[in-house]
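Swiss-Prot has this to say about the protein:
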- Cys83-Cys355: disulfide bond (DISULFID)
- Cys99-Cys131: disulfide bond (DISULFID)
- Cys298-Cys310: disulfide bond (DISULFID)
- Asn293: N-linked glycosylation site (CARBOHYD)
- Asn426: N-linked glycosylation site (CARBOHYD)
- Asn713: N-linked glycosylation site (CARBOHYD)
- Asn716: N-linked glycosylation site (CARBOHYD)
- Ser883: phosphoserine (MOD_RES)
- Thr886: phosphothreonine (MOD_RES)
- Ser890: phosphoserine (MOD_RES)
- Ser1006: phosphoserine (MOD_RES)
- 921-991: region 'Interaction with AP4M1' (REGION)
- 1-23: signal peptide (SIGNAL)
- Phe76: site 'Essential for dimerization' (SITE)
- 567-587: transmembrane segment (TRANSMEM)
- 636-656: transmembrane segment (TRANSMEM)
- 831-851: transmembrane segment (TRANSMEM)
Amino acid sequence: MEVFPLLFFLSFWWSRTWDLATSDSIIHIGAIFDESAKKDDEVFRTAVGDLNQNEEILQTEKITFSVTFVDGNNPFQAVQEACELMNQGILALVSSIGCTSAGSLQSLADAMHIPHLFIQRSTAGTPRSGCGLTRSNRNDDYTLSVRPPVYLNEVILRVVTEYAWQKFIIFYDSEYDIRGIQEFLDKVSQQGMDVALQKVENNINKMITTLFDTMRIEELNRYRDTLRRAILVMNPATAKSFISEVVETNLVAFDCHWIIINEEINDVDVQELVRRSIGRLTIIRQTFPVPQNISQRCFRGNHRISSTLCDPKDPFAQNMEISNLYIYDTVLLLANAFHKKLEDRKWHSMASLSCIRKNSKPWQGGRSMLETIKKGGVNGLTGDLEFGENGGNPNVHFEILGTNYGEELGRGVRKLGCWNPVTGLNGSLTDKKLENNMRGVVLRVVTVLEEPFVMVSENVLGKPKKYQGFSIDVLDALSNYLGFNYEIYVAPDHKYGSPQEDGTWNGLVGELVFKRADIGISALTITPDRENVVDFTTRYMDYSVGVLLRRAEKTVDMFACLAPFDLSLWACIAGTVLLVGLLVYLLNWLNPPRLQMGSMTSTTLYNSMWFVYGSFVQQGGEVPYTTLATRMMMGAWWLFALIVISSYTANLAAFLTITRIESSIQSLQDLSKQTDIPYGTVLDSAVYQHVRMKGLNPFERDSMYSQMWRMINRSNGSENNVLESQAGIQKVKYGNYAFVWDAAVLEYVAINDPDCSFYTVGNTVADRGYGIALQHGSPYRDVFSQRILELQQSGDMDILKHKWWPKNGQCDLYSSVDAKQKGGALDIKSLAGVFCILAAGIVLSCLIAVLETWWSRRKGSRVPSKEDDKEIDLEHLHRRVNSLCTDDDSPHKQFSTSSIDLTPLDIDTLPTRQALEQISDFRNTHITTTTFIPEQIQTLSRTLSAKAASGFTFGSVPEHRTGPFRHRAPNGGFFRSPIKTMSSIPYQPTPTLGLNLGNDPDRGTSI
């Protein structure tokens, strides 16, 4: 190690001596390097020293050189320094600068006919972008590109296609020109790939901190999902720092797969990148052939290379850049070209050229020297160095390295393949474990029962259980395509898995962590915590959180007929009926109406109330009201009744035909705002952890999850949460409860419920998905993911979904009202109240009838005389016999015999209680009556019917018989005599011809 500085110093001093003694040599070359490329200068001087010591190439001639440093992005300075070198006299110009200055030197070299060997240099080890130097069709292009063209676009596209990536992100550092991969971006866009770009700033820690400060939890989760597939286009130092930051901040998980592409990656960088990364890592770098014989590594033909450059164990050789290697080979190529010119004796002496003078001529030997260089070729540190017709070096090889599956942190790498522009990819990037397919492989599958993902279809004693469901269908599709078989069992604790206090995992995830199962499948969601311990395939179904609620049942209200009006309104209507009835009675009492002859009605309070009620229910009334005040009152009342009854009828129809029982909970936001319905989820599940994480996040702007967490975490989660999803579903069905769970599971339950008693609400944003879990580092993850993507693109996955979640199910998922309740014929429950009112009326009327009968019999028992019964029955006869006079001037009026006219009375039409006694009781032709006058009796002549008259014995009445009938009250009015004096009234038959005049109101019956 101490010898190297001494040798390097001696070599530098020796080469520098030749630099000063330019007048003693005929070989002089100029070099222009970027001021930051000090190592290029060191290697250049080492190469000149090695060649000057090799007497077989230049024999006695020695190479002298002049080196100058410029700003790589300052074309004017580069041209100025090149002119100084040409003025000294040079055979060739070697440059290791950026593309901006290279274009200016190209124009100068073409003008002065000086061969220009350009080695493109990348800034700080950043991947190169194409320089795009203008190439003329003529043979006067004196610039030769030593480094091969940039093939990063072709290599990345081939690798990404081999891995079947459909979505990934590209990170590039601030020094990289993104236009270098424009061709790649165009091609992947045409193939339908989803590609994102992100620039990595120099301060990586600040950039990561900004991400956490500006992104919400959902955005960070989506960002983590994007980072699962990434391409890093940056220098090795930046790549190592970036990987360390994202790993420490938990932005990537063990299932990530990153590709790093850079020509400048050396062996030391590879080991460091693998050590810092997690997951799978693929490295693409430019490689150079190395002799298999260790003793020949420092020999190239007849030339011996300095051991500091060819020994892989030498620190200087380990840290050399690719541009250093090409500079050494460039000097070697020029030395061989000079040797060829000297050997052919076609040497052209150097000339001092001036770039400033207008009449300056180019070098005459420039064309010959250029052709000699282009036709020559050497085998150096970069392999074969030669030039094609376009002046470029076509020889380039890329090496593809990758980490093996199943290796732990700090794992090694192996060579997966190589790529070159001629043959393309040589090798396979797939894991060797899957090269022979999966025929004969038996996988042990762990699951959790969850409808409709995994369900037991057959359970026969002594035989393995058979399972069915959506996840089982997906697993069968993978099995049929890849050819593997599987054995399935249920997780012992029937849980999906969550981290425990001691750092271990339980449930399905725990079975994978402890390697008791190969894969796990069910309604298993992809979460960041789970991705830290197991691998996941790409999602095969989107996931969202939903809420299961019970539909509002149609309550059996026997008095639904009263529902259209509020209780207060019913009370107002009842009070209005009583008030209007009372007002009608008072108006008639103050201004009694003049009733027509023969009217049997009376305007009592009872009749007024009955009339108002009858008109209200649109059944009419019996009392005619003729006064203007009463009619005005009744007109307003009828208008009021019309509006009220119409409104009632319309509302009753709406209440009985369309049940409006809508729930107020239609979203997660509504659920979080209310406290009447308790809600919860499965304890320690992904939903539970999801709500907890968001509810306790101080940076969460939405307070919805904070409110939900307060409800779910009551009594440390034991009050409102359940241990299994089935318990939560049963709790919803038979209690006042809302179950927060996977929307897909809840939708299946709601669709297939026999009573259609459930409905679901939730968000439509699918921020996560269901995936198949595998052991960390499993070789089956990528092949499973690729097949899942194929199922989704072909539409087969949608067919499987429709099998378990049909579009037209028997139940409506999202309506809080049963479809059967929305319309249809009315049932007995709808009108039960009407029947109850009718039954109450019937029972009440029967009770009143019994009471009236009892009262009548009790009253009749106090007048046991049969004659008194006849008097009571004859009261109705007196009302219909027009034989009483109300004239106040004749209290004891005597009636003539000719005026006696008993109106025939149709006895058959009278009710039993009012019918006359048998005609045989009146054989003595005398009618026994009482001496009272009923109130308001009218003078109306009636005629007895023939049947009634046939029962009487008509005889000649020689004289008119009289008897006491009426009494004058002390006040001059008539009143019923308190003493019912029995008197005989002789019956006087009416001639036959006079029967048709019985209805004459002017005639009466003489008594």
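Just so it is clear, glycine is given a Cβ too, placed from its N, Cα and C backbone atoms.
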Remark   = One should report the C-alpha separation between Asn713 (N-linked glycosylation site) and Asn426 (N-linked glycosylation site), rounded to whole angstrom, as 58
Message = According to DSSP, does Asn426 (N-linked glycosylation site) sit in a helix, a strand, or coil?
response = strand
Inquiry  = Using only C-alpha positions, which one of Cys298, Cys310, Cys355, Asn426 is spatially nearest Cys131 (disulfide bond)? These are the recorded positions in the record.
reply    = Cys355
Key: Which recorded positions sit within 10 Å of Cys355 (disulfide bond) - Cα, from Phe76, Cys99, Cys298, Asn426, Asn716   = none
Integer Å distance between the CA atoms belonging to Asn716 (N-linked glycosylation site) and Phe76 (site 'Essential for dimerization') = 74
Query = Expressed to the nearest Å, what is the distance separating Cys310 (disulfide bond) and Asn426 (N-linked glycosylation site) at their Cα atoms?
reply = 27
Task = Using the structure shown, find which entry in Asn426, Asn713, Asn716 (the glycosylation sites) has the sparsest Cβ neighbourhood within 10 Å.
result = Asn716
Query = Taking Cα atoms as reference points, which of the recorded positions Cys99, Cys298, Asn426, Asn716 is nearest to Cys83 (disulfide bond)?
reply = Cys99
Task = Consider the recorded positions Cys99, Cys298, Asn426 and say which one has the Cα lying nearest the Cα of Asn716 (N-linked glycosylation site).
result = Asn426
Query = Which ones in the same chain are close to Cys298 (disulfide bond), with CB under 8 Å and 6+ residues apart in sequence?
reply = Arg304, Ile305, Ser306, Ser307, Cys310, Asp311
Query = Taking DSSP three-state, what's Cys131 (disulfide bond) in: helix, strand or coil?
reply = coil
Query = Per DSSP, to which secondary structure element type does Cys298 (disulfide bond) belong, with helix, strand and coil as the options?
reply = coil
Query = From the Cα of Asn426 (N-linked glycosylation site) across to the Cα of Cys99 (disulfide bond), what is the distance in angstrom?
reply = 32
Key: Sparsest-packed among the disulfide-bonded residues, when each Cβ's other Cβ atoms within 10 Å are tallied, from Cys131, Cys310, Cys355   = Cys355
